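See below for the structure under consideration.
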């Protein structure tokens, strides 16, 4: 048999998706890098989490508004703007809880806790699904809770993990402590809110361009809702201490460019073209690889074996909790592939110019 022509191989869906998969991995690596940079800055300086996040949201909202220009083009209806503003309040609460969880639990636990949004799949199965699927989703929920419990007990930490066999650690390694499940509640709630705001954005905007315009309104709304909280935190902080904190531009720039702006477009491309939603095992696998790179690069107190076990249990839980949604996405993906190159030209999301 003769080999397939090069043009046929290049026209295959898997070949066309390879650049997008590379973009997705690089985008997640940069985003997770910004999380570790933010964590180190907050840890070393003792700066306020609220003021840091608000200082990053202000320029991010301005950039989103300038890039997307929601006031131009087809006018947005109240049924689209009002839910986007409400979604901004949810986003602001998410940033508050996520920032608190990052500072108290560390970047590894905070990032993995974002995948707790898969519990919305369990809720949808209980309300609308079949009884057979409910038990699978409940089993997935139990696996996710077990993973978060093991993370709270320090299984991914070298000094606490039962799978670590090191007698001594490098003096430069940052050690951590056992947290307990109660402290993991904050980042877990942040992950659920993150999934909720994604669901609302997906329901309100059916078209990709409309989704990006409404996201600019959502970020601007979140900045407005976060303003009184940040100002109150500033007043309380200034009255408690008069010590001037050192300023470093890179944690702010990396959070703005990679942690807020770039990751939105990267996740949009992954969802639209790769059919990869945030709370999915594939997304977790990509983020897990990036976490391993950052843990080693920042010389954290890291247990590779414990992390792989916790992330595998979490991935299994997500897999079981999103059974119905995954089946629907697979059918949509087959339909998109059958449409050929025409869909690529019509639906390919383009970054704003």
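Cβ atoms here come from the backbone N, Cα and C positions, even for glycine.
What you are looking at is a predicted structure, and each value in this text was computed from that prediction instead of being measured.
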Range among 216-237, 282-303 that TrEMBL annotates as transmembrane segment: 216-237
Feature contact check the transmembrane segment (79-98) with the transmembrane segment (216-237), CB under 8 Å, 3 or more pairs: yes
Leading contact stretch, 45-67, 110-128, 178-196, 304-324 vs the transmembrane segment (79-98) - CB distance under 8 Å: 178-196
Cβ pairs under 8 Å between the transmembrane segment (178-196) and the transmembrane segment (110-128), at least three: yes
Top Cβ-contact partner of the transmembrane segment (45-67) among 110-128, 249-270, 304-324 (pairs under 8 Å): 249-270
Same-chain residues near the transmembrane segment (304-324), Cβ under 8 Å, at least 6 residues beyond its ends: 108, 112, 115, 118-119, 121-122, 124-125, 129, 133, 136-137, 139-148, 150-151, 154-157, 161-164, 279-281, 284-285, 288, 291-292, 295
